[in-house]
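Participant: Would you mind keeping the following structure in view while I ask a few things?
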Amino acid sequence: MPAIPPKLILASSSRYRRELLSRLRLPFTAISPDVDETPQPGEAPADLALRLSVAKAMAVAATHPGSVVIGSDQVATVDGEPIGKPGGFERAREQLRRLSGRAVEFHSAMAVTDGVHTETADIVTLCRFRTLTDAAIDAYLRAEEPYDTAGSAKAESLGIALMDSIRSDDPTAIIGLPLIALTRMLGRFGLDPLTGHPA
């Protein structure tokens with residue numbers, strides 16, 4: 001009798017991450033983690049993303065024993081400085097003016113845990129923004145309202161028009177859930193997207 005694969009949970013309220021995970025065709029549920037996302041003093045952006053991805057996964061795993069839980073977090077940086085979520089039009093406009101013609105690093109961190117063992121990964125994506133006019137910035141912001149997105153640009157939709165180039169080992173990392181790395185990690189927990197059975 002084949003082993004029953006463990007229940008899979010995505011520790012996220014992001015619809016983009018849910019859409020990405022559904023590409024792997026593994027049944028899962030999504031649960032919003034209750035985690036304080038405040039950076040620690042002097043914490044490097046990459047360390048913050050990794051710490052939060054682990055915290056999100058562990059918070060959900062603590063109340064769902066026997067499940068495999070995926071936590072993720074993404075931090076964008078320019079010149080090593082973090083770029084947060086803008087929260088509104090004016091701040092988003094300022095961000096995009098600052099990013100115009102520049103390179104931005106996106107750290108897409110992930111943690112997969114069963115509550116006992118934890119695997120982590122940080123996939124870096126380098127995005128170079130086009131030189132943007134104020135008219136282009138305003139048109140984009142009115143069309144997309146990307147106020148909940150670090151860097152004010154949603155590469156999974158119209159925000160791709162702001163980009164000059166994107167370099168990464170994983171094309172889904174920029175959207176917030178690196179599926180190539182995730183597939184590898186899930187295999188270590190007995191979940192294989194191709195067979196639906198233990199890897």
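Placement of Cβ uses the backbone N, Cα and C atoms for every residue, glycine included.
Checked Swiss-Prot, it gives:
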{"type": "ACT_SITE", "residues": "D73", "note": "active site, proton acceptor"}
{"type": "SITE", "residues": "Y16", "note": "site 'Important for substrate specificity'"}
{"type": "SITE", "residues": "Q74", "note": "site 'Important for substrate specificity'"}
{"type": "SITE", "residues": "E156", "note": "site 'Important for substrate specificity'"}
Participant: If you compare CA-to-CA distances from E156 (site 'Important for substrate specificity') to each of the recorded positions Y16, D73, Q74, which comes out shortest?
Facilitator: Y16
Participant: In whole Å, how far does the CA atom of Q74 (site 'Important for substrate specificity') lie from that of Y16 (site 'Important for substrate specificity')?
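Facilitator: For Q74 (site 'Important for substrate specificity') versus Y16 (site 'Important for substrate specificity'), the Cα atoms are 12 Å apart.
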Participant: State the count of C-beta atoms found within 10 angstroms of the C-beta of Q74 (site 'Important for substrate specificity'), not counting that atom itself.
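Facilitator: I get 26 for this one.
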Participant: What's the CA to CA span in angstrom from Y16 (site 'Important for substrate specificity') over to the residue listed as 'active site, proton acceptor'?
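Facilitator: Per the Cα atoms, Y16 (site 'Important for substrate specificity') and the residue listed as 'active site, proton acceptor' stand 12 Å apart.
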Participant: Fewest other CB within 10 angstroms, which one of the recorded positions D73, E156?
Facilitator: E156
